[in-house]
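S.K.: Residues annotated as transmembrane segment in TrEMBL: 12-33. Marked as region 'Disordered' by TrEMBL: 39-68. What TrEMBL lists as compositional bias 'Pro residues' is 53-62. Here TrEMBL flags 75-275 as domain 'Aminopeptidase N-like N-terminal'. Feature annotation from TrEMBL assigns Zn(2+) binding site to 383, 387, 406. Taken from TrEMBL, the feature active site, proton acceptor applies to 384. Annotated site 'Transition state stabilizer' per TrEMBL: 472, in sequence order.
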Ligand SMILES: *[C@@H]1O[C@H](CO)[C@@H](O)[C@H](O)[C@H]1NC(C)=O
Ligand SMILES: *[C@@H]1O[C@H](CO)[C@@H](O)[C@H](O)[C@H]1NC(C)=O
Ligand SMILES: *[C@@H]1O[C@H](CO)[C@@H](O)[C@H](O)[C@H]1NC(C)=O
Ligand SMILES: *[C@@H]1O[C@H](CO)[C@@H](O)[C@H](O)[C@H]1NC(C)=O
Ligand SMILES: [Zn+2]
């Protein structure tokens, strides 16, 4: 799936730090099993059966159908699937449903008298002898007969017992006829709704990953069970029907007296079930062709008419070309469709040939979209297109290797976006968006290694839990490091031969290492060890090192970096928390030959310094580690920042800030030394160091915005940001023009948001005047780049009139990108009653779409006034929220970590523990780990505040009195 679903870059870049949030994944509802036990009459008059005929004996837990993994006796080869979604509710039941028929042809590779095929929430029509399926043989011998059939709901199987064994080497066909609900649950075959004017439109669409294909039709729903699919969709005459393959034939058929259209799609390539997609909608599109590949962007008709698909269309062709070249492999399909879905829980989903997106991740409008929205579109398209090969053509065999699939796409998305938008320097941003962000999670004792054991990942919710920051951002970070020390040339050489060998097949992650190792040998690349040996230290143990360089003795050493060294001891690691560390470095501004650290500690004479020379390591932060130095070297680096900061590369200026603040958190250096790195910021004009500082100061705001440190901190930061604010005021001709560079545009947003946040009167007056201009004239003249921060600060400074105005604009917004900005800004009010009302709105899907509920609650919790309101709110309604919104979704861990982020008192810790205890029976689903992490973080915060409050207060007061 597309990354970006655990962070809303649009808002994060809006200068208001939202470290978690938005865009989560499948609400799989995989643990919310409905108790469908009784017989009923289907709408077509035939008898359909829910999970009936319970297993013959009370479930002994070791039967094959109690295992979550499929047995290996049967291998699917091709499926013929017809699905018919009804876009109006059934008049009798009021339910939206779909009906379907499926025939799967499979080969028996080991004899067995049991067929297990995945099926979830489907009701089956009884066939011969009352069985739920019909089995036929492809050979002259007749097939065994089905003696018993039932639905095993917990493990999500349709189970068929046979009167004799299937024969090894023979092919069989299994036919079923079924009904499912087209629910608004964002998983499997589901329903999305929107209004065109006053007319309600309904879309039938899918989200299969990870385990919901089985909610659309019975299938062997594991990624390695690749097969060919012959898909047919039935739909109303005027609708668009889409699937992975191109439509090859459309006919009109009359079924049960109803005339419908039937669209047949070309056979797919051999593929995994989780990459299937079926859509029926009333959309428009724009199209083009690149190198013989048909490219189409689909969206609501008004959005297409307004040109909102044009940007995506213009970059898709070039990015496809880029990846064809990068992978040395032609795009494997004849067409590439991309479609924006109003209700979509992930950021995007790489269905082969039919990629689905949130509207904000695909649709661009120059009037409404900021440069950050545009960047997100470019990177997420690149991410999904990268998967067309890496993930779809070659697929990891099981979900435990998800990190390689998602980490890889999260790395190369920057390469694809950079190719499409070469002036942006977008590759640099990976350090902020991925490396620094995941460091925060991976520095906890409760982190986990990138790679999981296959046997540990079985249940759907265990699979869902893997879609986290470690998988995406750490995966991307270590692959970027690997590509850097191999060189991009060697990296792509190995990658290309890997894709050639395994096309249409499945792999484990070490298959990639083998191909890279071959490329290393063929090119004579010099490495200190095999790729396997180097990468195991990064992949098989959690966390990362802090490398300490003593420039007096030349001793370079490493140590597992833990944000809270006093927390629970991390579990033992097979590599003793030592890594094989590539070190790129410079001395006093001059780049030096790279080094490796291969032991706990080594002496590197070249790193000794004398006089004013200094050492700076991890150039451009290509290595996945932090760096510490002896005090003298730190002082020389701080001096370099204050005298001529440009001598230090911009990414490393961001690193010095981020590393110091985190080393201070871990008590490796004093907190005041970290604060010292912010002293030069009045001279800094670049985005990355500012963003890094703001991200780190966010923690200070969280810990201190309810204490006496707040005032002096505000005064200090105000003096640092005021020059930046003036700089942009001049650069833009008194805010009339847009800065030229992409990153300059971002930093303009930082300037305004920090200036307003620290109470610069000129800033508050400016945003209020812009907002009231909109309120009085009805014309919004606020530039799209600035809207998030301007709306937020104007609403914070205003009252109910501003809030209600923004709410009405939110309700009217016809483009999701604008609605998202308003949805965030509405959380900025200082009025508790407005915040409470807004919290209530989050659980009303008519007001706030389900996909946005958890992120909205987190936004409210970010607000110092909203914090306790949001916490009370989720505590009071946990079981409801969990059942409606939770299940297997990882937005849930964001909800918990977001709402508890400010926790730093004993009382809050006690409440959190109580919350865990009180809801043990309901559970936390994919948020289980997040609850423990929140407890760990709260404990660390309590200690940190106790140890630092006085020092920090004194430091700010000292800095404010020159
Ligand atoms: C199904 O798959 C088998 C094996 O790949 C193939 O021989 C057979 O022709 C396929 N059936 C159809 C209808 O294409
Ligand atoms: C499936 O069967 C159950 C139990 O009879 C029923 O409650 C449910 O509505 C049915 N679902 C559909 C989509 O028909
Ligand atoms: C785009 O679609 C239109 C309408 O179906 C068609 O006439 C045109 O040839 C297509 N253009 C390309 C480049 O495929
Ligand atoms: C793969 O590389 C070879 C050699 O450079 C080149 O001739 C070929 O066109 C490339 N294929 C693709 C699909 O890029
Ligand atoms: Zn992905």
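The count begins at 1 with the first shown residue.
Positions of Cβ are set from backbone N, Cα and C atoms, glycine also.
Predicted automatically and left uncurated, TrEMBL annotations should be read as such.
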S.K.: 384, 406: which of these recorded positions has the sparsest Cβ neighbourhood within 10 Å?
M.R.: 406
S.K.: Given residue 387 (Zn(2+) binding site) and residue 472 (site 'Transition state stabilizer'), what distance in Å do their CA atoms have, once rounded to a whole number?
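M.R.: Cα to Cα, residue 387 (Zn(2+) binding site) and residue 472 (site 'Transition state stabilizer') are separated by 13 Å.
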S.K.: Got a sec? Which of these binding-site residues, 383, 387, has the most Cβ atoms within 10 Å?
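M.R.: Per the Cβ count, the most surrounded site is 383.
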S.K.: Applying a 10 Å Cβ distance cut-off over all chains shown, what neighbour count does residue 472 (site 'Transition state stabilizer') have?
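M.R.: The answer is 28.
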S.K.: Looking only at the domain 'Aminopeptidase N-like N-terminal' (75-275), what is the model's average confidence as pLDDT?
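M.R.: Mean pLDDT, the domain 'Aminopeptidase N-like N-terminal' (75-275): 96.
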S.K.: Distance check, please: Cα of residue 384 (active site, proton acceptor) against Cα of residue 406 (Zn(2+) binding site), rounded to an integer number of angstrom.
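M.R.: Cα of residue 384 (active site, proton acceptor) to Cα of residue 406 (Zn(2+) binding site) measures 10 Å after rounding.
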S.K.: Tell me which recorded positions (384, 406, 472) have a Cβ under 6 A from ligand 5; sequence order is fine.
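M.R.: List returned for ligand 5: 406.
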S.K.: What's the CA to CA span in angstrom from residue 406 (Zn(2+) binding site) over to residue 472 (site 'Transition state stabilizer')?
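M.R.: For residue 406 (Zn(2+) binding site) versus residue 472 (site 'Transition state stabilizer'), the Cα atoms are 5 Å apart.
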